[in-house]
Amino acid sequence: MEYRNKLVLAPMVRVGTLPLRLLAAEYGADITYGEEIIDHKMVKCERRVNENIGCTDFVEKGTETVVFRTCLQERNQVVFQVGTSDAVRALNAAQLVCKDVAAIDVNMGCPRSFSISGGMGAALLRKPELIADILTTLRRNLDIPVTCKIRLLKCPQDTVELARRIEKTGISAVAVHGRKVADRPRDPAKWNEIADIVAALSIPVIANGDVFEYGDFERIKVATGATSVMAARGALWNASIFSPVGKLDWEDVKRQYIRKSILWDNDVKSTKHTLREMIMHYSCLELPEGKDLIKSETLADIVRLYGEEKYYQFVNENRTMLNGGHREGKFMVAPEI
Ligand SMILES: Cc1cc2nc3c(=O)[nH]c(=O)nc-3n(C[C@H](O)[C@H](O)[C@H](O)COP(=O)(O)O)c2cc1C
């Protein structure tokens, strides 16, 4: 996969499942990261081709829990992000999925206590030897590109030093979230500190932080010198941020997202969480839509809430026809109803 001059959908837990990834790609994202999946969880999964939906699932053995769902359509652009604190376990997780995705990324930026206490995410930033072990092990044993996503350290010079060590492992690119571990999302991203890293490295840097409009892609590129740009919240709120013709009305984007959730039978928790975030940004959860969404327990409830019964019925009655296209390498497109 080529990492230069790309628009990238950032990894987002619960949000970056198949419907949002495909929607972002339709609007113009070149590379789409999946949500972080912890290696412990992934190694308990088996790969299953899901003939009914027309996708490939990684399902926790002994359960029907889908941990990761992907499809042929995104094969050349989807990145599997793993949460890990151990090179061998990370490799085992990556080997399960590497034939179905375009690249593997290691999360080295997550500040949540769950990650830190497990030695994962941002905890890795303090362990350059372990970083080198994980990245080198993945790179030597996988045929697809390996990358990582970091945050800034307290001292800019230390971040540059760490980035140089990361580059030496031979990975294909590094994504830099321009915030420090202790920073909150409302703190402005430090584009100037991303620029220091870009200046020090030869591999592509993917700049991340505070991209909310299409024009911000160019602004952050100019400010940092980075070749590629990654957007998280801007894309979660309105996936058409990737469209060069400008953002579409969020109600239209929301409808497309719901239809993709139906088409790919998305986990209701993911669909609900993503819609909740959109509503909280553009509207208010206290209004009837938000209240009804909170009460929804199944995808069918969400279908009723948004008046998508006809579409739901069409998809469910025509899965065989839709999936036939998938098998032939064409892609599933349900007509407008
Ligand atoms: C809902 C949500 C979930 C996130 N989950 C992940 C994740 O799984 N892995 C990761 O590396 N970063 C995760 N992040 C961080 C984003 O990828 C990104 O680095 C951060 O939000 C800054 O980008 P932004 O200013 O465009 O939002 C998440 C952010 C949000 C808002």
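First residue shown is number 1, and so on along the chain.
Glycine is treated like the rest: Cβ placed from N, Cα and C.
Bear in mind that TrEMBL entries carry predicted annotations, made automatically and left uncurated.
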Pick from Gln81, Gln313: which one does TrEMBL list with Pro11, Met12, Val13, Lys149, His177, Ala232, Arg233 for the same FMN site?
Gln81
Site extent for FMN (largest Cα pair distance over Pro11, Met12, Val13, Gln81, Lys149, His177, Ala232, Arg233, Å):
17
Alpha-carbon spacing, Val13 (FMN binding site) to Cys110 (active site, proton donor), which is rounded to whole Å
11
